[in-house]
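According to TrEMBL, the features are:
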- 20-177: domain 'RETREG1-3/ARL6IP-like N-terminal reticulon-homology' (DOMAIN)
- 37-56: transmembrane segment (TRANSMEM)
- 62-82: transmembrane segment (TRANSMEM)
- 130-147: transmembrane segment (TRANSMEM)
- 153-174: transmembrane segment (TRANSMEM)
C-alpha cells in the first residue's frame, strides 16, 4: 500500500472524527494510563456495565436496539456537547499531533485487518485443505470455550483485556512478558538441541 494513500486516509479520518476529538483524546489518556488510578477506574466502569447487563438480562434484540440507540444518541450529542464540557476548541500542537497519531494508528489497524482477511482468502485458493482445517479447528476451539465459560463472563474478559491492552503496551508490560516467554522458548530449544547431540 502506498504511503500517500495512507496519509490521505488519515486526513479523511481526522476530518470525520473532528467532532469527537476531545472525547478521543480524553479516552486515549485513560486507555494509556496517564494517571495511576485510570486502570482501576476503567475496570470498575467495565464491571459496572457488565453487572447491569447481567442484572437486567436483556434479550438479544433489546440489547442490540439499546446499543444502536446509544450509538445514535452519542453521534448526535457528543460533537455538540464535547466543546462545552472540555472547554476551548483550540488544541495545542501536542494535542493535534496526538490526534493525528491516533487516526494514523486506526488507519494502520484497519489495513492490517483487511490484509489478514485477504491472506485468509488467498490461503483458501492456494491451500484449501489447510484453510478448512485451520478454520474448523479455530471454530471448534471457540465453540468449546463458549460452552465451558458463561457467554457474558467471556465477553467481559475479552472486553477488559482489550481495554487494558493499550496501557499494558504503553507501560512495557507486554514487551516484558513477551521477552520472558521468548527467552524460555529459546532455553527449551537449546536444551533439545543438546539432547539431540
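Using N, Cα and C of the backbone, Cβ positions are placed for all residues, glycine too.
The list of residues near the transmembrane segment (37-56) in space but at least 6 beyond its ends in sequence, with Cβ under 8 angstroms from a Cβ of it, reads 29-31, 63, 152, 155-156, 159-160, 163-164, 167. Across the domain 'RETREG1-3/ARL6IP-like N-terminal reticulon-homology' (20-177), mean pLDDT in this model comes to 88.
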